[in-house]
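To start, the structure under review is shown below, and the notes come after it.
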Amino acid sequence: RATTGTDTEREHQHLRYNPLRDTWVLVSAHRMKRPWSGQVEKEEEDQVPQHDPNNPLCPGNTRANGEVNPDYNNTFVFENDFPALQPNAPDPGYNQHPLFQSKAARGVCKVMCFHPWSDVTLPLMTLPDIIKVIDKWAELMVDLGSTYPWVQIFENKGAMMGCSNPHPHCQVWASNFLPNEATLSDRCQREYLKTHGEPLLLQYAKMEAERRERVVVQNADWLAVVPYWATWPFQTLLLPRRHVQRLTNLTAQEREGLASIMKRLLTKYDNLFQISFPYSMGWHGAPTGPYLKEDQFHWQLHAHYYPPLLRSAGVRKFMVGYEMLAQEQRDLTPEQVIHLGNSITATYAIYKHRSPYV
């Protein structure tokens, strides 16, 4: 039976524990009653041309480094022209004072275009095209993960999330170190398995499927929920039902199911405020490189979606002040989010009419 939490959780502030980060989030649902007189964002323009001769991500166009893109017809991957990580960075040395430590940071940064057209996003793509994206993700994980301990696949969608190019794309950064979030998640999942005898997110997915309080969409192989400990207003967590440690371990059926669940989830996002919904998302799975030879049973593959919008297409949640100096805080409960989204269809993107796929 679907519920929206206890009366206390609906009406009064309380703390919720995030077992993936060993942190707490302050939930203050009553704050949604306050009038909004803060910043209102300008809605992004929907009229993106299918092909822009000046867009460096489009097929056949020239990028900043002078290279010309091929006339690709599905996915296209290239080395980032302005990488944050490079494979041959010098070693800064290790014999330093404990208050002024540094160490080598090496890696590669790639850009991956999802589709040759600039006017489509993942929820507007066909299922076969989304499967090609997933297959390419897995291929990059195999390639880069054979050497690097961490391969971070992430997508920043929309100018609100810092994306400067509307063409559908993501980034893939591989590093010779485990980033902070990966290190923290690794520790928390490892400790949970040791204490409870079952992978944290595998048990969590089972319990959310049984309770049905925070489930957004689901199918035979996947579950998308607003996590109990969510920080961002419409944050979701995408989980496989089977114990899967990395994208590369997904079966063909699970990849098809993933394409379907992604399309449904992202369509719900778009339909919520009738816009192309902005977010930052990324995949977390067991470390790679030298960790491929180690036991990583505690890990469960998952994807995070962090959308900033709070009340409407023009009102966003700012992580400032208290969030920066004290701890994370949100203005409505995850159960209220589910209640708001129950009337939103996941069949097609209502707000779009220009795409031939709709």
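The backbone N, Cα and C atoms fix where each Cβ goes, and this holds for glycine too.
Nobody curates TrEMBL annotations by hand; they come from automatic prediction.
According to TrEMBL, the protein carries these features:
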ACT_SITE  HIS169  active site, tele-UMP-histidine intermediate
BINDING   31-34, ALA64, 80-81, ASN156, 162-164, GLN171, 317-318, 322-323, GLN329  UDP-alpha-D-glucose binding site
DOMAIN    9-179  domain 'Galactose-1-phosphate uridyl transferase N-terminal'
DOMAIN    187-343  domain 'Galactose-1-phosphate uridyl transferase C-terminal'
REGION    35-56  region 'Disordered'
Report task. Measure the Cβ-based neighbour count of ASP81 (UDP-alpha-D-glucose binding site), defined as the other Cβ atoms within 10 Å of its Cβ. Result -> 13
Report summary line: Whole-number mean pLDDT, the domain 'Galactose-1-phosphate uridyl transferase C-terminal' (187-343), equals 95
